[in-house]
Amino acid sequence: MSQVAVIGCGVIGLTSALAIQRSIRNTKVTIFTKDITPNTTGDVAAGLWEPYLVDDTEEKSFGGKAKEAGISLQPIINLSDKRDHKIPDWVNVTLGHSELSRDHLVNLSRRYNKNFTAGYLFVSFTWEASYFLPFLQREFEKNGGRVVMKEIKDFNELAHYDVIVNCTGLESRNLTGDKKVSPIRGQIARVRGPWQFHTYIVDSEKSCYIIPNINCVILGGTKQSSYNIEVDEVDKQEILSKCSDLLPAIKAAEVIKHQVGLRPGRDKVRLEIEIKERDKDTIKIVHNYGHGGSGITLSVGCAVEAAELVEKVLNQRNKSKL
Ligand SMILES: Cc1cc2nc3c(=O)[nH]c(=O)nc-3n(C[C@H](O)[C@H](O)[C@H](O)COP(=O)(O)OP(=O)(O)OC[C@H]3O[C@@H](n4cnc5c(N)ncnc54)[C@H](O)[C@@H]3O)c2cc1C
């Protein structure tokens with residue numbers, strides 16, 4: 001039986017661990033992690049399926065599933081007041097996508113007292129961490145997986161595993177020394193707004209978003225190069241003011257809490273095999289980190305690819321044993 005260690009129990013670690021269990025036979029998977037839900041980056045996210053802050057990463061595949069995994073289908077309105085706004089290519093693979101006509105933009109600009117120059121509509125979904133992370137962990141444990149609460153300071157600690165899968169998000173900067181990884185600070189507010197059924201995303205000098213979740217509405221947000229995990233008063237006021245400027249009903253919505261998370265920024269996701277020399281042996285690592293503002297969106301597709309890489313390493317090892 002092959003032994004695989006996954007480091008990290010966020011959305012990337014859990015989806016990778018499950019994908020390995022499901023696609024590679026005779027494999028025992030153990031997750032080593034510092035934190036689990038509700039203390040991972042995904043627990044701050046709105047969980048909207050939309051590639052965001054992922055630079056050059058190419059979105060490859062996704063498969064959303066069950067009700068208990070916290071998936072809600074909803075219409076998304078994406079608006080911009082920028083002159084050079086370009087509709088991203090991925091919109092073409094979404095359900096019911098359409099570009100807003102001139103008349104629509106004029107109407108919306110009048111209604112929201114803005115000057116929108118471009119916009120598009122599509123149907124997407126939110127995948128909420130407070131539902132899906134416990135769901136994924138239950139599935140993983142049902143399949144015989146084990147979660148060990150342990151910080152890994154060096155890959156050598158897990159050298160006895162056949163493959164190590166590194167899903168440590170922002171912490172990969174310290175664990176691997178990869179200086180391309182850096183924080184993109186996101187502050188958001190959770191408010192009560194059961195009347196809000198669709199998402200607004202405004203791309204402008206005063207960018208903001210309003211994303212309904214099952215029990216709250218997420219108002220966002222910031223994207224700063226900072227390690228500050230404290231709620232900032234200025235950001236707080238700015239988020240509430242920008243969102244209620246767009247939807248005045250937000251002003252009356254009760255604030256549940258303000259939250260901050262650090263997105264694992266990188267020029268592109270690192271999804272590759274690294275072989276480290278160690279004495280007369282080697283440590284085989286599959287890296288899966290750097291998902292920026294789209295870790296939930298990219299998780300399932302990247303997990304499938306990570307599992308393929310793990311299988312490749314295991315097959316090579318078996319061949320060299322023959
Ligand atoms: C405000 C905000 C809004 C967002 N909205 C969305 C959205 O709408 N849609 C979307 O797709 N994405 C969104 N994101 C991005 C998404 O949340 C992240 O890309 C994703 O959560 C990253 O997941 P991860 O598993 O790589 O990292 P993390 O969730 O940070 O998990 C890392 C795991 O590794 C563990 N770990 C780290 N170092 C070690 C170590 N040395 N030893 C052991 N364990 C270790 C940690 O304890 C943790 O379990 C948002 C993020 C923020 C902050």
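Cβ coordinates come from backbone N, Cα and C, glycine included.
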Co-listed D-dopa-binding residue [TrEMBL; alongside Y209, G293] among R185, R263, R266: R263
Where the C-beta lies under 6 angstroms from ligand 1, the matching binding-site residues among A46, Y209, G293: A46, G293
Same-chain residues at least 6 apart in sequence whose Cβ lies under 8 Å from I296 (FAD binding site): V11, G42, A45, G47, L48, W49, W127, A129
Predicted model, mean pLDDT over the domain 'FAD dependent oxidoreductase' (4-309): 92
Alpha-carbon spacing, G293 (D-dopa binding site) to A46 (FAD binding site), which is rounded to whole Å: 10
